[in-house]
Amino acid sequence: MTDRYILAVESSCDETSVAILKNESTLLSNVIASQVESHKRFGGVVPEVASRHHVEVITTCFEDALQEAGISASDLSAVAVTYGPGLVGALLVGLAAAKAFAWANHLPLIPVNHMAGHLMAAREQEPLVYPLIALLVSGGHTELVYVPEPGDYHIIGETRDDAVGEAYDKVGRVMGLTYPAGREIDQLAHKGQDTYHFPRAMITEDHLEFSFSGLKSAFINLHHNAKQKGNELILEDLCASFQAAVLDILLAKTKKALSRYPAKMLVVAGGVAANQGLRDRLAQEITHIEVVIPKLRLCGDNAGMIALAAAIEYDKQHFANMSLNAKPSLAFDQFPDSFVIN
C-alpha cells in the first residue's frame, strides 16, 4: 500500500503552522511560528498584526515542514487548510497559500473546520471510539459536541457569551498577568485556596449551555472594589477560586451530556485542555468512560490537528475547489459552498 501524505495549513488566529501527516495519524512535522510575543503588549490578539505576521512567515513554514518530514511536494496526496472559524484576515493568508500550493502541485484541497481540528488532535495518540462526546475549550469557543461517527459533528451545548479561554485572559489582564494568562492562572491556582465566592452560572439548570460573563464580571468587580478600598487580595487564592468556579461549570455540564447521550469516549480538546486543574478534575470525577486529551503540544492552535481532521475527510473524498473562501463564523454543521464530493 502506498503511503499517503497530507500537508496541512493553520492560520486562524495568531499561530502560523504547517504540518505533514503520514497515513492516518503519524505526524512527520508540525512547524509552528508563534506570534505571542508580538501581541503581549496589547493584552490580546490584534487582527491586523496577526495577518501581517502570517504573510511574513508562511512560506518558510511550508519549506520547514517539508524538510523536517523528509519529503517533497511530489510525494503529497492532498493539501488541507483551516477555512474557519477565526479571524478573517488571518484565515485568508493561510487559505491563499494552501490554494496556491495545491494548484501548483495538482493536489486536491481539503477544507477543515478549526474546531474539528482541535477535536481530532486526539487521534494522534490513539484511535477514537464512536459515538463520542467532546468538550472543546479554547480562547474563542466552549462547546459540547456529539460525534456519532467520524466527521459527523453535532453541537449539543455551547457558551452564550464568553468562551472559557477568553474569561481566563480577561481576568488575567485585570490581575496584571502576562497574556495569554491561562497557564499562569492555573499555576497560581495550585498554590492557593478556594476562599472567594464566585457564581457558577446555570450550573443546576437542565440544559447544556455555558455562561462565563457573570463569573468574569464578579471577579473584575471584586478586584476593583478591593483596590479602591485598599484591601489586599491574595493572588493565589483569587486564581484558585476563579478556576474552581470554571471547572465546576465545565464538569457539571460535561457530566450531564454524558448522562444523556450514548458515548463510548470523552474527548477534551482545545487550548484550555492544557490546564492541569481541568485534567486533574477529569481524572478524579469521570471514571466510568475513557477520557482522551491531546498531548500538550497539540492543545494549542497547530496544523498537526488540521491534518488529523483532514485524514477523515480524505477517506470520504471530501474536497473543495479553488473558490473555497474563508468563513470566520463557521459552524460545525456548515459545509463550504465549494464542497465537491468526488
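FYI, residue positions are counted from 1 along the chain as it appears here.
Glycine is no exception: its Cβ is also placed from the backbone N, Cα and C atoms.
Fe cation binds HIS114, HIS118 as Swiss-Prot records it, and from the list ASP280, ASP301 the residue named for this site is ASP301.
The substrate site recorded in Swiss-Prot includes LEU136, VAL137, SER138, GLY139, GLY140, GLY182, ASP186, ASN275, and the single candidate from ASP162, ASP169, ASP206 that the record places there is ASP169. If you compare every pair of Cα atoms in LEU136, VAL137, SER138, GLY139, GLY140, ASP169, GLY182, ASP186, ASN275, the residues listed for substrate, the longest distance is 18 angstrom. Taking the Cβ of HIS114 (Fe cation binding site) as centre and 10 Å as the limit, one finds 25 other Cβ atoms among all the protein chains shown.
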